[in-house]
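Enquirer: Once you've had a glance at the structure underneath, I'll fire off some questions.
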Amino acid sequence: MKFSKQLSAQADLRYLNEYISYKDLKKAIKVITGSDVQVCTVQDVVSNFRQTNALTGSIFRPPESRFQELLNHELDKINSFSKREVEAILDQLAVALVIMWRLHAALTLLRLAPDSPGYAEAQALLKRLEQREQEIRNALVVYPQKRGRATEQDKAGSPSSNPRCRGVSDEPSSSSEERELGAEGDDFSSAGGKTSSRGEGDAKRRQGDEDGGEGEQDDAKRSVAEALILLEKDVLEVEGVLEAQSQEIVFLDSFVRLNFTGFRKITKKYDKHNQSSAASWYMSRVVRQDFMNLNFTLLLTRLARCYVALRSLRRRLGEQQQQSLSISPADDPSKAASVKEDRSTVGSFSQSLGPEGARLSTYKRTGGSDEGEQRREPRFSLAARSRGSRDCREDIKVTKYLIAPDELMKVKVLILKHLPLLAAGGIPMDDSVLCPFENSSQAVAAEDFSAALEAAASLLRTSGTASDKREARQSLGGSRVPTWEVYLDNEEFTYYTNTRTRRDSPDSCRGVAPSRRVVRVRWQGLPSLNSAGRQVALELSRPDSSIADPQEDITTPLASNAPDVASSAFTVILRQKQLLQLLHGLITPSKLLDQLMDEMEASAAGVATGEGANATAASHRTGARGAANRGEGSGGGGGNRGSDDRAVALTKQKRKADMLQVLQTVWDAVQQRGVSPSVRTWFYRTEFMSEDGVAWISVDEDIRFSREMNRTPPANQWIRSETEALSTDDVHPFPWGLLDVSFLVRDNGVALPQHAVQQAKDFHPLVGRDDLEDFVADLRGLSTLTEVPGFSLFAHGTAYFYTPRLQALQARMSGYEQAVHLIPLWLQYTTNAEFDDDASQVFDEATEGGKGKKADRTSVGQSRLGRNQGDSAERGQRAGSPGGLSRPRVCHRGSVIDVVHQGTSASLVHDLQASAQVSPPTSSGVDQLGNSHRPSVSESRHPSAPALSVLASAPSLPMPAPPLLEVSPFQSGARGLLTQPLLDDGDRMAGERQSASRGGAPTPSQSWLLTGARYWRRYCNCFSLSGSAGRRRRSMSCLFPWSQRSSARRIHPVGPRSMVAGGVTSGPSVRVEPKTFFANERTLLQWMNTAVLIATISITLMNFGNPVGRIAGLLMSPVAVFFIGYSFWVYLRRARALERKEPIAYNDKLGPSILVVTLMLSLSAVIALNLLYHEGEAQLPITPQNSSTSTAPSLPPSPHALPLLSQLNVSHSQAAYKAPSAPNATVNAGGYSVADVPAPDFSLSHPATAYAAATALAAAEAAAAAGPVSFAGAPERAVHAHVTEAMTHAASAETAAAEGARVTAGAK
């Protein structure tokens, strides 16, 4: 699909004029560059861009300047609309939050009795709150002009008829402005007016009920119920507004992506028409624009705050409804117990927010199972179990999905509606987001309703003023904090192999360092030049762990190793300087532990001595709450001081033992197994967790991988610097988002703690009504999600960068029963970096043909899922079969410097940069750096000791292709097609040479000694083959292996079981377009044109040239003959390969090289011959011919010569007649010379003699006259004619003299 159609299909019709004017820009480009002036006129373009100066004016301006002005016009339009939209969303969310605060105060007022002392004061306070709400709403109301220009369709049609118009009221109004205002402002005014009048009416009804006596209590309850119904309607209206703003945030993200793609497409089109390369410069300016740096983190934070308040308000409303509809215990004693139970159940939320600010401890993954604190913290967390079972996941279901980048915002907003937001973009949320009604709820729990209303009033006083304006100013340039992870492994990939070969077992969680754990270093923060003092976490982690694991929590600060702060027993917090000493063997684990314990003691005592202060006050408060929840702190009332001190001492000793064991394990791995940094990854994480700790969800975006093995970092660092510019060979941008869904299950036979089951039933509405499973099912049903079982960042990064080594290791392990597949199944579906719409268009043309072009795809999910699932499923079956490994792919466009973009739209920029990297590492035994990892014969027969140890303890783990991957978007999308290579093992030698040219280490095939020895062994083995059948064929394949590789290039359909472990798979057939055959013919004609031109020049030189020209023609004519034959051979070879769909090397490097070298040699030879001949110039005299051998014809007698004879008075006695000599008697022109012509004696006694003498005299005079003539500057042909004439006259003179002598002799 072309981008113009995609833009019109995906654009929001309300703001269609605010998008990039792609079609108008295409027309303007043709007018500016002059490529097609018939499309439109200058007046049309000017009118489209509203009188811009880009195309007008009498002063000459280059096309670049005019195009830049058009881009600036579009950028200004998009930037202004984006900022207005962000401010409008923030204003609407602020008004919604104010409304919910007022409704919360109104619910508090309903709990007061009319005869209570503070009822009148509370009622007056509520009126002031309503007035304050009205002032804030008037100040933050958003008019239609602020939200952008309305289209003609919006002005003419009804809002309800347009399904794409979001947030517009269905009530009819007189104008579009009133409709817009009703959608954005009147939704709140109705809530305010109803509540105000309802408050006064409720007070009057209550006062009437008090005067009327006890008989009218039913009417009072009925009035309270009616008031609650009206409040519920207000809550529904607020929920509708939040839903509309959620869709606005999703629309804004799509708006940014579409416009960025439009600018990228239009700049490329300008380069195409203008024959320039300015697209990169234009896009560098686009990246710095305001619309590319919108603070989506702030929008998500404000939206999450509103949804948390909405859920709290709903719980308070349900609590009040149950209290109003309940029967008094005095009237019906039988129901007193049930009423009491219901009140305790519905009041659990406010109780959980009450004492000692326990809100943060419930979100922290460190909690306790103390029975005395069950009522204070009804929410159950994963950390409530014991430490040994906390790190196991028998009762937690983990599912990981891959998300397309353009659907990340939609998924995050969907999750945010159901679960609280813990962290957005790596930034933890504060108390105002996680619990906006904390102070008010605490007062309600203490039955201090006046204090609750005063807390709500204080919140209103701080709203809509400086804080909101400050947040509005922060709508641009929102910062995010990346999470960095570095995994350590050795050259034998021991830890990676363990993770791929070992299964989960009940005993895997026993002990400090289970077999499946790997050494990992984790930290958070922006890249820094000086990071030696940064705090990092040295961990023994599971690579495939879920977000429920405490080690994956990014909200816990890496501040201290204190027991009340540490999130896991497998984590040690230390500085990077100390980590460098440990990895280099400069410090022992025991000594490092002593330093860490001293720092922990100093931090606990509040001694801030430079680097020794590792814990802040906030972390201590958080740790104190965690320790209180676990029962590790104070004894919970009644315990003596001595028992508390002993418990703290035991906890510290246990923590010290855990730290020592972790440090010792890392030390042994470094010293004995030689582990070093292998793979580094960084990403931006967004975390969600339910209030009771039943569900955890995380979304990782902008994931990038970096190679660290075989790299030499500086001496003062343990990895390469974070700010170092990395080439595309070392950085892999992962073009997908990662969704981790983890939640407790109840049907797997694992019994949860009793208090957790009771809290799940009493408190959490999702678990109680099975809505959590429904919500997860809705997530799974999204077309943009694809489940990938067993996915982990460590496995993907290692398999991507070190594919050849892993395949070589797998080949050595293939002979063992316990061998497994070391290459993950998802690798070939997720390693494509060409994430571009052009790729989708190519795939449409290649797979769907005519049907795909006619399909109407208005949805990104449909366009991604509806592409040729049959062929993709077949590819998935082939890839999912045992031993299905990727084929060699050594194709890179270059080593482009990669700059990490830190903006909010980093994924878009990274997708643009990802086009520099085409494919993952090869499987041909040569990695991207040219390092050979193909095992030798001895290695394949005798594996190393670590490999044997792995195989000895590795159970069999078959990995069939999962059904979900067979129909996943990665097989049916263009990215799966583009990852298929074009070359196979037949071009491995070329790949090795290409890899070596990038600076890699020399491979065995590059060493001529090893190459000669290998061919000699093959030659000797050829004659030792047993059997008579096929002996000749086997001998030829041994002696000439390239013939076998050439025949192996042909691809035939293979079944899913046709591949063996460790072998090389045959790729899919390449579909050839008809235009490819025409291109092959055009190439032949171009070669023939050049060859015919060379042949014409050489033939001309040989026929009409001088001796030097003839030599040059002889040199160039074989060149022309060779290229005529060579071009025809190349044409036949390519045509045959295209017909058979053979993936041969279509890039011809031999022919052009020979052509250039031959032409250079020919021209050099011609120039050399001319220079050498003129320097050694010599005269070539022409000797006179004898009379007997002369071939010149005799001159017949002529009567005109008789008068001349009378003038000659020459006696017969004269010796001879010679032509007059002169200095220029010798004529030299074109290599010819004429000498003096001797004249024999003759007499005049006979007429014939006289005629011969006259003829000889005329010839001699002609030769003498031609002698002194200068031929300098004359054409060569004219010079040649003159010389020929002179020689003819000389020959005639000689003939005449001989004839005269003969006549004289006859006369005598």
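Glycine is treated like the rest: Cβ placed from N, Cα and C.
A quick note: this is a predicted structure, and the numbers were derived from the prediction, not measured.
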Enquirer: So, R1110 and A1305, same side of the membrane or not, per Swiss-Prot?
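Expert: For R1110 and A1305, the topology recorded in Swiss-Prot gives the same membrane side.
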Enquirer: Pick from 265-272, 273-280, 721-728: which range has region 'Important for inositol polyphosphate binding' per Swiss-Prot?
Expert: 265-272
Enquirer: Does anything in the same chain, at least 6 positions from K26 (site 'Important for inositol polyphosphate binding'), have a Cβ under 8 Å from its Cβ, and if so what?
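Expert: Non-local contacts for K26 (site 'Important for inositol polyphosphate binding'): S4, I266, K269.
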Enquirer: Using DSSP reduced to three states, classify K26 (site 'Important for inositol polyphosphate binding') as helix, strand or coil.
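Expert: Going by the DSSP assignment, K26 (site 'Important for inositol polyphosphate binding') falls within a helical segment, counted as helix.
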Enquirer: Can you name the far-off residues of the same chain, 6+ from the ends of the transmembrane segment (1153-1173), with a Cβ under 8 Å from a Cβ of it?
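Expert: Answer is 1090, 1094, 1108, 1111-1112, 1115-1116, 1119, 1122-1123, 1126.
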Enquirer: Measure from the Cβ of Y22 (site 'Important for inositol polyphosphate binding') and count the other Cβ atoms within 10 Å, all protein chains considered.
Expert: 22
Enquirer: Tell me the residue counts in helix, strand and coil for the region 'Important for inositol polyphosphate binding' (265-272), as DSSP assigns them.
Expert: 8 helix, 0 strand, 0 coil
Enquirer: Count up the helix, strand and coil residues in the topological domain 'Cytoplasmic' (1132-1152) according to DSSP, in that order.
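Expert: Helix, strand, coil within the topological domain 'Cytoplasmic' (1132-1152): 12 helix, 0 strand, 9 coil.
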Enquirer: For the region 'Important for inositol polyphosphate binding' (265-272), would you mind checking the mean pLDDT of the predicted model?
Expert: 91
